[in-house]
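Here's what TrEMBL has on this protein:
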ACT_SITE  85  active site, proton donor
BINDING   86, 178, 207  Zn(2+) 1 binding site
BINDING   106, 136  Zn(2+) 2 binding site
BINDING   179, 208, 209, 210, 229, 230, 231, 232  dihydroxyacetone phosphate binding site
Ligand code: 13P
């Protein structure tokens, strides 16, 4: 199966009341671990690069080539969507040029009319090449310079206008936060999600999927969320497994310092997290 766009996969997810996971990659291990989880569960998957990860890995073309070649060399047969996560206008255009099959244009910090206009432009450019588009309304909270923001709830009227541009999936702020959730987090705003889902048939996206209790994620999916983004959870699992390996002194035994050995427990931990999340999301097997 070659790399595909997200249109049919996420439209089917919204109809079927399940979600498909979107997982961020950082390097070869991350890419292999996430793809392995999808193959082992025989489910579609979305692999995404943030702008930072794209820069870290050496550019979007390299990221796309990495995923394409890894899909080929691992003999991956499930559908894989190659997506830009939280792209600005320039990054979204670049990924459309390079050949990603899906891009997020995140204009939430622009004045609304500008977000709307730029989303329209990206939709026109992407759809001309059969590439899917995600946009964002409201904002996803998170930690910035030590200050934890709650995020801004998506306004239903604004969300309707962005959905009308023809975006294929829509990220809405509903109290979700990137990174670790603070102890006093109030939980997802299900009332706002219900209002949004009642007005918009576009598949909805839940960012900040790490650390949200399973019951809340599953409730959000039952109400119209079709794509759940997970990043921090994989990073924590990787760091934890790697720390355990080193603290157990395994890098000092024989050739335990070989990166192929040293990174293996962390890589397996990522696969385990992704498989567990696929189960939570109810993603059905590919026939
Ligand atoms: P987390 O890192 O909180 O899982 O968020 C991931 C995300 O939403 C990427 O866009």
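Heads up, the Cβ atoms here are built off N, Cα and C, so glycines get one too.
Keep in mind that this is a model prediction, so the values were computed, not measured.
Here the binding-site residues are 86, 178, 207, and the one ringed by the most other CB atoms within 10 angstroms is 207. Proximity to ligand 1 (Cβ under 6 Å from any of its atoms) holds for these binding-site residues out of 106, 136, 210, 231: 210, 231. Neighbour count (other Cβ atoms within 10 Å of the Cβ, all protein chains): 26 for residue 230 (dihydroxyacetone phosphate binding site). The CA atom of residue 86 (Zn(2+) 1 binding site) is located 15 Å away from the CA atom of residue 209 (dihydroxyacetone phosphate binding site). Here residue 136 (Zn(2+) 2 binding site) comes close to 86, 104, 105, 106, 107, 108, 170, 171, 172, 173: these same-chain residues lie at least six apart in sequence, with C-beta atoms under 8 angstroms from its C-beta.
In this structure, residue 232 (dihydroxyacetone phosphate binding site) is part of a helix by DSSP. Of the listed binding-site residues, namely 179, 208, 209, the sparsest Cβ surroundings within 10 Å are found at 179. Each of the binding-site residues 229, 231 was ranked by the number of other C-beta atoms within 10 Å, and first place falls to 229.
Nearest Cα neighbour of residue 207 (Zn(2+) 1 binding site) among the listed binding-site residues (179, 230, 231, 232): 230.
Residue 229 (dihydroxyacetone phosphate binding site) and the residue listed as 'active site, proton donor' have their C-alpha atoms 9 Å apart, to the nearest angstrom. Excluding the listed site residues 179, 208, 209, 210, 229, 230, 231, 232, the same chain places 178, 207, 211, 233 with Cβ atoms within 8 Å of the centre of the dihydroxyacetone phosphate site Cβ atoms.
Under 8 Å, Cβ to Cβ, and six or more positions away along its own chain, residue 232 (dihydroxyacetone phosphate binding site) finds 178, 179, 180, 210, 211.
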